[in-house]
Amino acid sequence: MKTSATSFIPGSLVLAFCLPVVATSPKTLAIPEKLQEAVGKVTVNATTCTVICGLGFKEETVCEVGPDGVRRKCKSQRLECLTNWLCGMLHFTLLIGKEFKLSCLSPDILEIGQGAFRFTWRLARGIISTDDEVFKPFRASSYFIKFQSIQEYDSGTYRCDVQLLKNLRLVKRLYFGLRVLPPNLVNLNFHQSLTEDQKLVDEGLEVNLDNYSRPQHPPWKKKVAIAVGIGVAGGVTGGVLVSIVLCGRLSVIHSSASLETLQALLPKGGMLRKPD
């Protein structure tokens, strides 16, 4: 009995494994006629978003495709797109009294209309930071802030949040780092401080800066350098002559003092005689 029971169990297992194979043998499925004639809409082409952050647009082409694979009734449509709502920070350095404007929307998105968005501005006055804890509300409800005559007090970090009014979805956050300097503090003319070769490079031309030679100084600088050199040379020469004269006088005085000392040491009536 034990032997028959043992042989029955493996036989049952083999039969159990074979049944699914027989039950799932491939069969030809009949597709209904309605499905064979079905037509679907397929996106056949799409452009990238017009902006890399914030709300933008993209173009899509949608066609009807049937069982034969032929495209029919193709239409192009312009759709909103959002790849990333966080747009980083833009830095600006300005002089006091200049007119300036901050704008957190691109012209193409304004085609929808300013009324479709909600704009919230916040300010971290006097510092450049993206820490949300240092920002305080700033009174502005438009997509831009305009400074008629900017002052040092206006420096800091401005944050603009853009939301869709229909669902209050945040679609853009942009920071503006603003530095305001007095006009007599620094010369902001970067191009003026460049050398001739560097100006050519700045204009997009190829220049080998390894063979760069120092620029020629203006004529008035050469004259000043010559005058300074002559003055220094004259001063040194005069100092040497004065030193020679003083040394000569000191030698004469020292010689006279030595003769007087020797004369005092000789007996009365004695005189010094020059050697033959």
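Positions of Cβ are set from backbone N, Cα and C atoms, glycine also.
Among the features that Swiss-Prot reports, signal peptide is placed at 1-24, with the record citing sequence analysis.
The feature topological domain 'Extracellular' is assigned by Swiss-Prot to 25-225.
Taken from Swiss-Prot, the feature N-linked glycosylation site covers N45 (among others), and the record attributes it to sequence analysis. According to DSSP, N45 (N-linked glycosylation site) sits within a strand segment.
Annotation source Swiss-Prot lists domain 'Ig-like' at 83-176.
All protein chains shown were included, and the count of other CB atoms within 10 Å of the CB of C104 (disulfide bond) stands at 24. If you look up Swiss-Prot, you'll see C104-C160 marked as disulfide bond.
What Swiss-Prot records for N211 (among others) is N-linked glycosylation site, and it gives sequence analysis as the kind of evidence.
As annotated by Swiss-Prot, transmembrane segment applies to 226-246, with the evidence given as sequence analysis.
The topological domain 'Cytoplasmic' annotation in Swiss-Prot covers 247-276. In this model, the topological domain 'Cytoplasmic' (247-276) carries an average pLDDT of 57.
For the recorded positions N45, C160, the greatest number of Cβ atoms within 10 Å around a candidate Cβ is found at C160.
According to DSSP, C104 (disulfide bond) is assigned to coil rather than to any helix or strand.
Separation of the C-alpha atoms of N45 (N-linked glycosylation site) and C160 (disulfide bond): 34 Å, rounded to the nearest whole number.
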